[in-house]
Amino acid sequence: MTAQIHPERLRRRLKTLGAIGRDPSGGITRPFGSAADGEARRWFFAEAADAGLTVTVDAAGNQWAVWPGTAGEKTIAAGSHLDTVPQGGMYDGAAGVILALEAIETLKEAGYRPHHPLAVVAFTGEEPNPFGLSTLGSRLLTGKLKAAALKNVTDPAGRTLAEALREVGGDLDSADHLTPDFLAAFIEPHVEQSGRLDQAGLPLGLVDVITGIHRDRIVFQGEQNHAGTTRPEDRRDALMAFGEAVTAFEALLGDGVIGTIGQAAIFPNAINIVPSRVEYVAEMRSVDENRLAERVQEHRERLTRLALRRGVTVHVTNVLNQAPRALHPDIHRLLVDRLVYRQIPVTTLSSLAGHDATHLADVVPTGMLFIRSLGGKSHCPEESSRLEDLALGAQVLADALLVLDREIRRLSHAQTL
Ligand SMILES: [Zn+2]
């Protein structure tokens, strides 16, 4: 079957979606729960309905656009997310949803009749948002987040998460009944977000493992005092402790572990007061689970020692501990074959960003297809990918969905799929 994707349709959709949530200070700001997120959701459903797909929202607010199958089999899904970081770009997440829609619409136009339902999915709140919950939709779908624990979650304005979900057609009370059992396989197409493909001159890449992410919230508590009259030996300066902690943190990085302190607050934050308290989040990432755990442990020990020496207290709370996740070897092999078929050089990378696929991979055979990011820029307005690379990605995805639809039962007998 020759199913030919339409680059012009891809371009139009990327452009239209990229205009939703334009931030006057630059880029796109479209977090979950915002008016722009709502508008993007409505736009996606209108496009999917125009393409002849059946649109539904689950209890987690995840959007599904389904092309029903002929044999009542489990669903094969592809997609990503529509929400963005503050002042983000137009490709992270959005490109994956649009590519999946293009791939399925193309198969439909070519007259293909799927055995399995083929679905485009847009997951709720993949990025951090005012509710403090990333990968919200995929974690609720896979049972990693429980509704009871989210009952009292609000954004800084006091709006409850339950209310925000209701506004997009979800229902927090029944989110615990969600199950991913109806899924046979999931493929997430996504821009690479780093410069490895660009440097290698390759349009597409495959993912074998998604990075582990560990985040500790750290509070140094010292003593507030006068900036002039407090003698050096009497000071218990929380900011100086933080300064030393930052250097100690950096010294622990490297050799497969990267880290970031991207958020910090000083109290009381006044010119002539010795700071009493510093709160910050230290994040480490690695695809090596043991190495990540060792560094986290070492980091905490160093914090304890330096706090003791400086006469301040330190309090560490883990806020995220996501293990590295290997993707499914059969889906990977199938994607390798599709790249070879299209005469695209095959390269396999690890993903240094977290994705919805991390959570799906625990329960559903999952694969990821990366599209080259120009200059490796992401989570910024300059994020960019070439239309021809995106079109190639949609083509490979359409090919892969077709083969999965025909062969998933055979694969399931041969392997663990
Ligand atoms: Zn993303």
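Glycine residues also receive a Cβ, built from the backbone N, Cα and C atoms like all the rest.
What TrEMBL lists as Zn(2+) 1 binding site is His81, Asp92, His190. Under the heading Zn(2+) 2 binding site, TrEMBL lists Asp92, Glu127, His379. The feature allantoate binding site is assigned by TrEMBL to Arg215, Asn272, Arg285.
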Listed binding-site residues (His81, His190, Arg215, His379), ranked by Cβ neighbours within 10 Å, top entry: His81
C-beta crowding around Asp92 (Zn(2+) 1 binding site), within 10 angstroms: 26
Annotated binding-site residues Asp92, Glu127, Arg215, Arg285, His379, filtered by Cβ under 6 Å to ligand 1: Asp92
Nearest-integer angstrom distance between the alpha carbons (Cα) of Arg285 (allantoate binding site) and His379 (Zn(2+) 2 binding site): 17
Cα proximity to His379 (Zn(2+) 2 binding site), best match among binding-site residues Asp92, His190, Arg215: Asp92
Rounded to the nearest Å - Cα separation of His81 (Zn(2+) 1 binding site) and Glu127 (Zn(2+) 2 binding site): 9
Arg285 (allantoate binding site): tally of other CB atoms within 10 A of its CB: 21
Local Cβ density at Glu127 (Zn(2+) 2 binding site) - other Cβ atoms counted within 10 Å: 21
Closest of Glu127, Arg215, Asn272 to His190 (Zn(2+) 1 binding site), Cα positions, binding-site residues only: Glu127
